[in-house]
Every structure is written in structure tokens, then in C-alpha cells.
Amino acid sequence: MASEEAEGELSARYQKALDALSSLITKRSLFVNNNQSHRFHLLFHYLKVLELEEVVSELKIIHVAGTKGKGSTCTFSESILRGYGLRTGLFTSPHLIDVRERFRLNGIEISQEKFVDYFWCCFHKLKEKTSNEIPMPTYFCFLALLAFKIFATEQVDVVILEVGLGGRYDATNVIQKPVVCGVTSLGYDHMEILGHTLAEIAAEKAGIFKSGVPAFTVPQPDEAMRILDEKASKLDVKLQVVEPLDSSQRLGLQGEHQYLNASLAVALCSTFLQKIGIIEDKNDTNDGLPERVISGLSNAYLMGRAMIVPDSELPEEIVFYLDGAHSPESMEACATWFSQQVKERNQKISEQILLFNCMTVRDPSLLLPRLRTKCIDQGVEFKNAVFVPNMSVYNQVGGSWSKFEQRVDDSTTWQLGLKSIWDNIARGEAKTKSRSDSKEEEKSLVFSSLPLAVDWLRDSARRKSKQVRFQVLVTGSLHLVGDLLRLVKKRNV
């Protein structure tokens with residue numbers, strides 16, 4: 001009984017912390033233009049208030065920026081270094097279900113008890129020092145400060161730090177001397193903040209480079225590579241380009257694109273280990289990679305990226321393929337991964353269905369054609385395309401399932417726009433096909449909530465009498481992926 005009371009008290013304290021955290025959320029428009037610089041420089045004041053200046057300077061950090069693949073690269077890196085017996089701290093974003101996913105100690109998200117203690121320690125200290133000139137940190141800035149507090153107090157051996165947005169003015173860039181930096185694949189995303197050309201975007205990402213600190217990147221478009229080289233040269237940074245690992249290597253994260261992320265992680269970890277004095281045993285290798293590296297790559301796990309989750313009610317009839325792709329380039333990678341899975345897993349008659357939503361800051365006219373064309377090129381066509389609102393909202397950082405269920409957006413204006421784009425693409429394709437080539441007409445649907453869409457899937461599957469398996473690709477937004485995971489109650493997959 002006492003244990004239940006203690007759990008209830010902790011749950012209440014945790015919810016109170018989440019409510020306080022939600023109060024720090026501001027509209028993204030506030031970050032545009034000169035305000036980015038102002039808010040970034042406030043971070044140094046916040047570090048001083050939290051008495052973290054010295055301890056943060058002593059942390060051994062791997063810092064990773066990029067448009068896509070940041071989370072995967074950081075996850076591979078953490079898994080590799082944990083295999084070397086190092087105590088790891090991993091900070092990533094966004095979270096799918098619970099904000100504690102952003103803070104991992106030795107591969108495990110921080111406990112509620114520790115989160116609450118560290119949260120209020122930071123929150124109260126900062127609140128005491130606020131004024132009109134120096135307000136409370138914004139949501140992500142606070143989370144970055146909280147990560148520094150957690151990892152410094154927990155005395156981790158290495159911090160793997162994923163940039164939230166951009167690089168130059170990102171809250172994580174308050175660090176002055178990382179051990180090594182990485183830049184993953186660059187592309188067009190967050191253009192309203194980072195710029196409308198690859199050169200502008202690359203310049204923001206290269207903002208994490210520090211004088212004399214080695215850095216690695218992957219093959220980039222010429223325009224982006226030129227800027228990265230220029231920024232590196234000015235800071236005396238040795239910038240090296242890695243090539244993908246051999247595809248025979250088994251990876252814990254699925255998808256052809258992960259071989260490039262894994263290669264970057266290997267380079268970052270190798271440099272880190274050398275810098276801290278851990279020398280590889282050249283005899284302990286397999287096809288050029290040390291056994292502990294191979295083990296780390298194969299055991300890496302990241303929720304929401306290339307995940308396969310059977311439905312909790314109809315596991316044989318409905319399988320969800322989850323990937324939080326939300327840029328044109330990642331859409332193509334997602335389509336390639338899904339198409340491969342469809343070909344490998346078709347033991348019975350199957351129908352492919354798209355379940356999609358993207359944030360309004362994205363351009364669906366760039367996302368949906370890339371996804372559809374890539375799938376068709378690989379022989380996969382969708383029977384239905386279903387468009388839904390996100391159930392969660394940007395400021396939902398956790399909380400009870402009952403509260404989550406109430407977050408349903410009654411407006412489907414955006415989803416109807418997505419449907420229109422999809423239908424226009426389909427009509428354009430139909431005109432180029434002869435009647436003999438055309439298959440049964442596909443249907444696109446809009447539902448006012450995700451639960452209604454899942455109910456429709458389940459009802460449709462039951463009508464098929466187990467003769468057909470639905471392979472449902474859920475993509476376009478990490479929020480949507482998180483919503484789906486909650487809904488099918490697969491929290492601990």
C-alpha cells in the first residue's frame with residue numbers, strides 16, 4: 001500500500017513538472033531573425049545561474065548536426081561507446097511519447113524520480129533569476145540545460161549531443177570544446193529559419209565546428225560541401241568525409257541510408273576513443289571493424305525510425321511500418337525501406353496503405369510525390385491513402401493516456417489539402433497509363449482523428465476474414481508516429 005502511495009505521489013510530481021515545462025513553450029516564429037542570436041547568448045547566463053560553466057567545459061562531448069540522420073548517428077555512437085564500458089549520456093530530440101526519452105543514461109531513459117529532482121533543481125534556480133531582460137529559457141533551451149545538469153551530475157564518461165535545430169544558434173552549441181563533431185546528410189528542412197539554399201543551411205550546420213576540433217561528414221551536394229569546407233578551413237578544422245559501411249554489416253536500425261549514418265558514427269567513436277586514450281586492438285577486428293563496434297552497430301535501437309509494429313488487436317491482419325520521415329530526402333529513404341519490407345514479408349496476400357500527416361511548416365507538395373514515386377518505382381502501390389490530424393500537440397511533453405485521448409483536432413482543413421495533393425498526383429499518373437495497365441482505383445480518405453482511422457483499418461481487416469494482411473506505412477511526422485505507438489499500446493516495443 002505504501003508503495004502504491006509513493007508511486008502515486010511520484011506520478012503527481014512528474015505531471016506537475018511536465019506542466020511547468022509546457023509553460024516554457026513559445027511559438028517558433030519567435031526564433032526567427034535576430035532573436036535567435038539574443039536567446040543563444042542568454043544561455044551563457046543560464047549556465048552561470050545553474051553553476052554549470054565549469055562542469056560543462058569538462059564534459060567529453062560528441063556533437064552532431066545535420067538535416068537527417070542525426071538521431072540515428074547519435075544512437076549508433078552511444079551504442080558503440082557503451083560497448084567499450086563507457087558510461088554514456090545521450091541527448092536527442094524530439095521525443096515520441098515521453099520527454100524522458102530525450103535523456104538516456106547508459107542507453108536507458110532517465111527515471112521519473114531523477115527527472116523530477118533534476119528538473120525542479122534547474123527550474124527553481126532559473127525562476128529566481130528571471131526579469132524582463134532575462135526571461136526563463138524557452139522549451140528546448142531548458143531541455144538542453146537540463147541535459148547538461150543531468151550528465152554532469154551523473155558523471156558520464158561521454159555525452160553524445162544531437163543538435164535540435166540548425167547548429168550555430170542551437171542551444172546545444174553553448175559548448176566550447178567538444179572532442180569531435182559530425183555533420184549528417186544535409187537537405188531542405190526548416191527553411192523558414194535556416195535559409196532557402198543548401199549553402200545557407202550548410203553554413204548554419206557548420207556553426208558547431210570549433211577551432212582545432214576534428215570533424216566528419218558524409219558525401220554532400222557540391223553546394224553544401226563547399227560551405228562546410230570553407231567553414232572548416234577558417235577554423236583549422238580537419239574535416240573528413242566518410243563513405244557508407246559495407247551493406248553486409250548488420251545494423252540495429254533498418255534502411256539502406258543507415259549504412260551512411262553508421263559509418264559516420266564509427267568515425268566519430270574511433271576519434272573519440274583515440275582522444276581519450278583508448279587504443280583499438282587491431283587483432284580484435286572483423287572485416288575491418290572491431291568486434292565491439294560491430295556489436296554496438298547491431299544492437300542500436302531508436303524508437304520511431306524504421307520500426308515494424310503489429311497491431312495490438314489484429315497482429316496477423318495489420319502491421320504498422322513506422323518512420324518519422326519529414327523531409328523530401330528522408331521520404332525517399334523511407335519509401336525505399338518500406339518497399340523492401342513489403343517484398344520481403346509478403347507471405348500472404350497484402351495491401352499497402354499509407355497513413356500520413358505532416359506539420360504545417362512542411363511542404364507536402366515536395367514530400368508526397370517523392371514518397372509515392374519512389375514506392376511505385378520499386379513496384380509498391382498504395383491501395384488507400386489515409387490522412388489524419390496529429391493527436392498530440394507540440395506542447396504535449398508527456399502525461400496520462402486519458403489526457404492524450406482528449407487531444408483530437410476537429411479541423412481537417414489541412415488533411416483535406418493533403419488528400420487533394422495526393423489525388424492530383426494519382427490523376428496525373430492515371431493519364432499516362434493505358435486502360436489495360438490500370439488497376440483497381442485507389443481511394444484516399446480523411447478522418448478527423450487517428451483513433452477513427454485505426455478503427456476503420458480494423459473494421460476493414462475484419463471484413464477481409466484474415467485473407468489479407470494490411471501493411472500500413474505511417475510517416476510524415478514523428479508526432480504521428482508517437483501517436484500511433486500510444487494508440488496501439490506498444491509503449492515498450
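Yeah, the Cβs are placed from backbone N, Cα and C, and that goes for glycine too.
As recorded in TrEMBL:
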type	residues	note
BINDING	S93, E162, H190	Mg(2+) binding site
BINDING	R305, D323	ATP binding site
DOMAIN	64-238	domain 'Mur ligase central'
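Straight-line distance linking the Cα atoms of R305 (ATP binding site) and E162 (Mg(2+) binding site), rounded to a whole number, equals 16 Å. In the structure as shown, the Cβ atom of E162 (Mg(2+) binding site) sits within 10 Å of 26 other Cβ atoms.
All protein chains included, R305 (ATP binding site) registers 25 other Cβ atoms within 10 Å of its own Cβ. Cβ environment of S93 (Mg(2+) binding site): G71, R102, F140, L143, E162, G164 lie under 8 Å away, each six or more residues apart in the same chain. Note on the domain 'Mur ligase central' (64-238): its mean pLDDT in the predicted model is 94.
Around the Cβ of D323 (ATP binding site), the same chain contributes G255, G304, R305, A306, M307, C334, W337, F338, L473, V474, T475, V481, each under 8 angstroms and 6 or more positions distant in sequence.
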